[in-house]
């Protein structure tokens, strides 16, 4: 509105100036005419004086008078017209002044309104400024409270880690669980006809309660056997994979707290070790979440739980790398190593002792995984490379000890206790992702691989800090102990059986030496015990799951497995070292 009023005011002022110039021009013209008229009157007087002198001059004077009268009439007409124009200009000026006054009053009203709004806005801004200062003060208080809460949270987290580790140690750093598998159809087919016709139960192993196993075995010509064995947990034939895994979850919490963890399945051939660790052998469906596959074993469930725990605290999520090795005929083979991009084969490795006293396999291949699906895809592909052979006891008997190692690495904070400990390793990716072919026998190639994880070096992260090993999870599916007479193996398979039984006997000897607190523990009697030395004799959390068959035909192997578990329970290890007990910086 003010802008519009301004334009009209300018227009009318310009129009008034134009009319004033016209009036001034007319007035000047009138003055000129009046001057000219005066001159004519002077001439007329002169002519009148000269009338008497000449008639010719009188005639001319008359003509001049006529002309003067004509000019006067024109002047009067011009003056009348000019007066009309002046009246119109005055009227326009009056109207312009009236509209200008209206515009001025409107502008003054709007100016007052804007001034009121500006005052209101300034007052509101002052109030908002005061509110912002109040909120800033409150935010400062909240930040201080947050810092205090964070400090208390860290203290509580450290206490939680200590209490959790104490709880785990109260249960035992070495825990032994026993799982009795149900009787299967092939058990009845292979039973002795005499025992099938007998009224005596074909099952000799029974779960009395959650901690007790009862073995009743009546052999003709032999003493009656009626023994009970106590373990930390006993699973009956009807208990599901989910129930078995519930006892593993606390160990994964210890893993993220910085403690090495090992879960080992031990038992005779066909007792359900691989089923307990992995689940069904033939899974044609794609890799699905664990909750959608009820039969999955400890390994896929542990991977699911591990990535779930890592996702709960993404502030310092560790990197997860996996290695897969097998101990076959007392040789260690790297199942992730490649001989070329088209041919796959295991590569022999040796166990060495690092400067920190840890057992490592130099140039062992590790592959990074970022989800449960990647982990299961990797492990399932390598399980097909594991040495297997059909026997009378089991149609798909594993002929090697499988060890899956999940290593967590972090970029440490330099002020954390974790920065002053742990072994350092290098992580590199595989050369090429060629498909792997199943192998059913021993490994022949000894080709070396350039991409590996070496204990002698450490990678630098994005900030230049060296990555360090946070903790290791070892998932061990041992080959089954067996009697050559029962399994019916010959030739190369008999040699495999001999190596399997010797390595398991070496494992039992190590546990016996630890339980008796001998000065010398024979770890080096077998590549298996040498590789697992840190788990058996260190401060790691070890869970041994004894898998036994309830059938009468396998009673001798069942008693041997239960005796192995009893010796393992007798191993007493001291408390964790100070470097391990110290809580780690939050992930």
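Glycine residues also receive a Cβ, built from the backbone N, Cα and C atoms like all the rest.
The ATP binding site annotation in TrEMBL covers 267, 268, 269, 270, 271, 272, 273, 274.
Residues annotated as coiled coil in TrEMBL: 9-50 (among others). For the coiled coil (9-50), the predicted model reports an average pLDDT of 86.
As annotated by TrEMBL, coiled coil applies to 146-173 (among others).
Summarising the annotation, TrEMBL assigns domain 'Kinesin motor' to 173-571.
Per TrEMBL, region 'Disordered' is recorded for 414-465.
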Chain residues outside the coiled coil (9-50) and at least six past its termini with a C-beta under 8 angstroms from it: 57-58, 60-61, 64-65, 68, 71-72, 75, 78-79, 82, 85-86, 89, 92-93, 96, 99-100, 103
Lowest local Cβ density among 267, 270, 272, which the record lists as binding-site residues, within 10 Å: 272
